[in-house]
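Colleague: The annotation domain 'Glutamine amidotransferase type-1' is assigned in Swiss-Prot to 9-198. The active site, nucleophile annotation in Swiss-Prot covers CYS87, and the record cites similarity to another entry as its basis. The feature active site is assigned by Swiss-Prot to HIS173, GLU175, with similarity to another entry given as support. The feature domain 'GMPS ATP-PPase' is assigned by Swiss-Prot to 199-387. Taken from Swiss-Prot, the feature ATP binding site covers SER226, GLY227, GLY228, VAL229, ASP230, SER231, THR232.
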Amino acid sequence: MAKTLDSPGVLVVDFGGQYAHLIARRIRELGVYSEIVPATSLDALGEALPRAAGVVLSGGPGSVWGSRHDEAAAMVLQLGKPVLGICYGHQLLAKVLGGEVGRSPLPEFGPTEVEVLDYGILLNGLPSRFKVWMSHYDAVLRPPGEAKVLARTPGSPVAAMELWGRVFGVQWHPEVRHTQYGREVLDNWLSLVGAPRTWRPGDMVSELVESVKKEVGDALAVAAVSGGVDSTVAALIAKKAIGSRLYPVFIDHGLHPEGEVERVVKLLSRLGLEPVMVDAGEEFLAALEGVGDPEEKRRVVGRVYAEVLERAARDIGAEYLVQGTIYPDVIESGARPGADTIKTHHNVGGLPKDMRLKLVEPLRYFYKDEVRLLAEKLGVPRELIWKQPVPGPGLAVRVEGPITREKLRIVRRADAIVREEVEAAGLGGKLWQYFAVLTASMATGVRGDSRSYGYVVAVRAVESVDAMTAKPAELPWWLLERIARRITSEIPEVVRVVYDITSKPPSTIEWE
């Protein structure tokens, strides 16, 4: 890890809410390093608290009355440093300090207008009314005795409060981009925290290089490269750290999008990362035969990938594996205690625990946009920096149900059509991801004068900043029609094309 709370920063105590990592991300955007610790681990919390300049209590999915988090909140308050409670964290502060928390007279979800009653430090410089993002059934009905009520809404009589000039709570989510003046609220609080605003991930190449150099020592290492920005940046950092003792390895698992292998090899070679090529497509397909469960697919791909990689590393004599694991990978794999596993990430949960290689993950605590800043410093071409992410298991998780050669051929071609048309329309650089999914559904169609029965392809295109949340892209109707026409014309097995308009949450970006 490049940096920890060994130097002053903000600690985000995670109560299991979906936005805990957005809080950390927004604080980093304001120049202050932030880390997350689960509220379920009091030992980890106790160890981290003394090093924090300020603490944020995150949102959470439950009620403060059914929780066991009072002790965690008490530990934070005893620290005597600036505290900010958000949503659940706001209610928890009110509860442990003697306020009243109960069912809101008007549960609020989505955009809500907040009325400022007293600006205090937290709301300084904001208008008297503005829109915020709410998501709560419970509310603070009566503030703690010494608290000053800063704001209210129809469903939250104590929508914001201040105690002793250092403890604050807000019922809304300032970290969500739908909230007006959310950045200003966090900025005001950080001004009180006083932590140094020195978090500039783009300037941390040298620090990361030294960290890898120290970790690997004189040993040999392999870098698992996929051609994505994460694995490429991790490999470049390792290359700078240990030079010719790094061996980039590209495993062709037979699950790549159309033209991906050739494009990746060309780009990596331009960067001085000439990869060791391993063709293992038949091995992966054999292992995936009959496997339909998405989690099992990821585990199978991870297991076979590790086996192939270990064989390559053994031939090379390497002891270390450099991976491009980033923060959202860790989150979605449920690597934090108390969080539900959304899906096993190939980089995190798919690798066996008994793998012989020692893991080196220089980007484990960075978000995607921070990795892109590092990539710019390292001279990575823009076409790779802004290349849309491809899941580690590749097209295996873009085919619902068991994988066959026919299904891979269909989804590979459909995906290529989506990419070609989106990019021809000049929208490629404006979208986070755009791809095709071969669904498990079948539908009736018409070919000529005859009834046909074939596959349904789903098209997915989303806008996002950090992959933590995403919204469906509003693609032009003519573009969607053109994509559907091409897919059904060029792939006769497909009779229907649908467009996925679901946000994340509640869905994930990938279907599996």
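Here the Cβ of each residue, glycine as well, is placed from N, Cα and C on the backbone.
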Colleague: Cβ-Cβ under 8 Å from SER231 (ATP binding site), same chain, 6 or more residues apart: which ones?
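Modeller: Set apart from SER231 (ATP binding site) by at least 6 residues yet with Cβ under 8 Å, we have ALA223, ALA224, VAL225, GLN323, GLY324.
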Colleague: Could you check the recorded positions GLU175, ASP230 and say which one's CB has the most other CB atoms within 10 Å?
Modeller: GLU175
Colleague: How far is it from GLU175 (active site) to ASP230 (ATP binding site), counting Cα to Cα, in Å?
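Modeller: Computed Cα spacing between GLU175 (active site) and ASP230 (ATP binding site) is 25 Å.
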Colleague: Run through the Cβ atoms and count how many others sit within 10 Å of the one on VAL229 (ATP binding site).
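Modeller: Other Cβ atoms found within 10 Å: 23.
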Colleague: Just jot down the residues in the same chain as CYS87 (active site, nucleophile), at least 6 apart in sequence, with C-beta under 8 A of its C-beta; none if empty.
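Modeller: Once residues fewer than 6 apart are set aside, CYS87 (active site, nucleophile) is near GLY17, SER58, GLY59, GLY60, SER135, HIS136, VAL170, GLN171, TRP172, HIS173.
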Colleague: Across the whole of the domain 'GMPS ATP-PPase' (199-387), what does the mean pLDDT come to? Round it, please.
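Modeller: Averaged over the domain 'GMPS ATP-PPase' (199-387), the predicted model reaches a pLDDT of 87.
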Colleague: Given the recorded ATP site (SER226, GLY227, GLY228, VAL229, ASP230, SER231, THR232), which additional residues of the same chain have their Cβ within 8 Å of the Cβ centre, ordered by sequence?
Modeller: VAL225, VAL233, ALA234, GLY324, LEU384, LYS387
Colleague: Are there any residues in the same chain, six or more apart in sequence, whose C-beta is under 8 angstroms from the C-beta of GLY227 (ATP binding site), and if so which?
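Modeller: Looking at Cβ-Cβ distances below 8 Å from GLY227 (ATP binding site), excluding near sequence neighbours, one finds PHE250, GLU260, ARG263, VAL264, LEU267, LEU268, LEU384, LYS387.
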Colleague: Does anything in the same chain, at least 6 positions from GLY228 (ATP binding site), have a Cβ under 8 Å from its Cβ, and if so what?
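Modeller: Long-range Cβ contacts: GLY324, LEU384, LYS387, PRO389, VAL390.
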Colleague: If you skip the near sequence neighbours and keep only those at least six away, which residues in the chain come within under 8 angstroms of SER226 (ATP binding site), Cβ to Cβ?
Modeller: PHE250, VAL264, GLY324, VAL390, GLY392
Colleague: Return the residues near THR232 (ATP binding site) by Cβ distance under 8 Å, restricted to its own chain and a separation of at least 6 in sequence.
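Modeller: Once residues fewer than 6 apart are set aside, THR232 (ATP binding site) is near VAL225, LEU267, LEU268, LEU271, LEU273, GLY324, ALA375, VAL380, LEU384.
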Colleague: So how many other Cβ atoms are close to HIS173 (active site), meaning within 10 Å of its Cβ?
Modeller: 24
Colleague: For ASP230 (ATP binding site), which of the three DSSP-derived states applies: helix, strand, or coil?
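Modeller: Reduced to three states, the DSSP call for ASP230 (ATP binding site) is helix.
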